[in-house]
């Protein structure tokens, strides 16, 4: 049976996650923030898949299916919110939406 | 019949409740029917109960009824219950009957006052509270009545609350008596923790069984009860509230002085007399306080010119007599004097009210004068009251009660004739000051025009009380004058047999006491009726004037207490206006606010910052859990 290496895929997952996080933190456009979140979710999914293959368990795959569903619904809600924000603030700048500042 | 005893306080209470719920919207006729009628009904029931009690005495000459238990905490279960024995029977009769006359009188006296229904509500509550006090089986229930009486006196003294001075007098009465109440309350705690019950009769029994006479415990308990009694009964050093209590309407003064409130202290000591018998030192203190109060108040009364203040000081002085009697162990003499005093003091106040009512509420005796012809009913009733107060021999009730106290004081105080001497000197002063008032008010020239009229609801109580003030004393006469002992025989089951004083020496002292009161009246006639210029000149010399001013202020007690207690207290209050304790809490609040100021900067509303903090937090958490 093909032995699956653990380190490299996990490093890839971490890299992807860091990339997504950086995107969330540095991009000001809501659409890009949403895309960055997708990348982070996929990184987490990748980690699950790798772990599932490593130990020959189906649980990781199940979790990935969940993450897919989660990502789909998150995008649905997120896009709707972004539409509303665009409508109200006439911009997609995340820093402009700071009405709840203390 | 005896089982209906609970109705006696319940009916006035019901009347008060109806009047309070009525909120002053009831028509005044209905108010007076409820107000006077409830006490009248309670007086009738009390009379029937008394007849039943005397004709067929219950076993042990005492009757107890428990309505329900207040609460049950372990072995402590105070009951709402009444205890009727000869002592409480006499108190009950006096409170209801005198109370009825005073209420009947005030239904006319207070007519047209905007607080008419409020007045009757308070008065009924007052009578109810006093009845609870005298009929309570339990010291705790008694204390409830005790506080009720204090509350009602506050409400009634400050009845005309628009005038701030009246409010001040009311607060003074409440606070000064409260000092005494605190003593009584601590006394009750002490009795309960040591004897395990507050039911009066078992309590007294246990006290006599478990405490040797003269030991510390009964002395302490008796001192605390005495403090309570002093506060309520306006004895030295807590007497200052009573003269100021004249701010209330006159019928209120009559009720406070005659039937309710100030006699509560006398009743309390008589009720717990077994405890005082265990503490001879305290009992001696009672006598000494009584004797001192007698003299102090009589001198003060001699220099007043407000007719009601004269009567107020005379009440303090007369209650001093009762304390003197209690102090020398002449319990039934004290109760006898209480009863007679209730008759004549109610009479004097009501007569004074009838006079001031016709003189546009003029209270200064020097602006009255020549009223004997113009107001015959008021004159004769005031005169009879004065004669009874001055204890004019043979015909007045006051003579017999005062004589009983004096002879008991002599018999007990053979070692200490000082007490007897104080009593006799005060008898002279009493006669002098009250006849001074009589001669100044009723004789001489008319100084203030008389107006208005009064109807039967004012004259009837005056006549009835006059009769009582004259004949009320014949139930107990000294050995030399028939030796009737109905009253002390009746009370014997409570207090034990009173020793009979007889012999020619006793008769001689009787004669001396009678002469003393006649001499006082005679001196008053010589000084104020004939008004010799030499006396007037003497009274106006600076030294005498200074003394007179000093006595006018009631021996400067008010000034003393202002300097000792009131002003230091107010100074502390002023210093502590911002409340030092509050600073502790203010520091807590300040810390919270500063933390808020600091943290709220982080709430930027920018979602990227939040995400950043979230990531940083997660990173730290994971690092901690991994590196551990």
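Every residue number used here counts from 1 along the chain in the order it is shown.
Just so it is clear, glycine is given a Cβ too, placed from its N, Cα and C backbone atoms.
Curation does not apply to TrEMBL; its annotations are automatic.
Summarising the annotation, TrEMBL assigns transmembrane segment to B:66-84, B:90-107, B:119-136, B:173-192, B:212-231, B:252-270, B:282-303, B:310-328, B:377-400, B:420-446, B:458-475, B:607-627 (among others). Residues or ranges marked as domain 'NADH-Ubiquinone oxidoreductase (complex I) chain 5 N-terminal' in TrEMBL: B:70-120. The annotation domain 'NADH:quinone oxidoreductase/Mrp antiporter transmembrane' is assigned in TrEMBL to B:136-430.
For the domain 'NADH-Ubiquinone oxidoreductase (complex I) chain 5 N-terminal' (B:70-120), the DSSP-based tally of helix, strand and coil residues reads 29 helix, 8 strand, 14 coil. Counting Cβ pairs closer than 8 Å and at least 6 residues apart in sequence, the transmembrane segment (B:119-136) and the transmembrane segment (B:310-328) reach fewer than three and form no contact. The domain 'NADH-Ubiquinone oxidoreductase (complex I) chain 5 N-terminal' (B:70-120) scores a mean pLDDT of 86 in the predicted structure. The stretches the transmembrane segment (B:310-328) and the transmembrane segment (B:90-107) do not meet in space: the count of Cβ pairs below 8 angstroms, excluding pairs fewer than 6 apart in sequence, stays at fewer than three. As a quick check, the transmembrane segment (B:90-107) and the transmembrane segment (B:420-446) miss the bar of 3 or more Cβ pairs under 8 A, pairs 6 or more apart, so the two do not touch.
When each of B:66-84, B:212-231, B:282-303 is scored by its Cβ pairs under 8 Å to the transmembrane segment (B:252-270), the top-ranked stretch turns out to be B:212-231. Listed as Cβ neighbours of the transmembrane segment (B:212-231) (distance under 8 Å, sequence separation of 6 or more from its ends, same chain) are residues 146, 176-187, 190-191, 194, 237-238, 264-266, 268-269, 272, 275-283, 285-286, 289.
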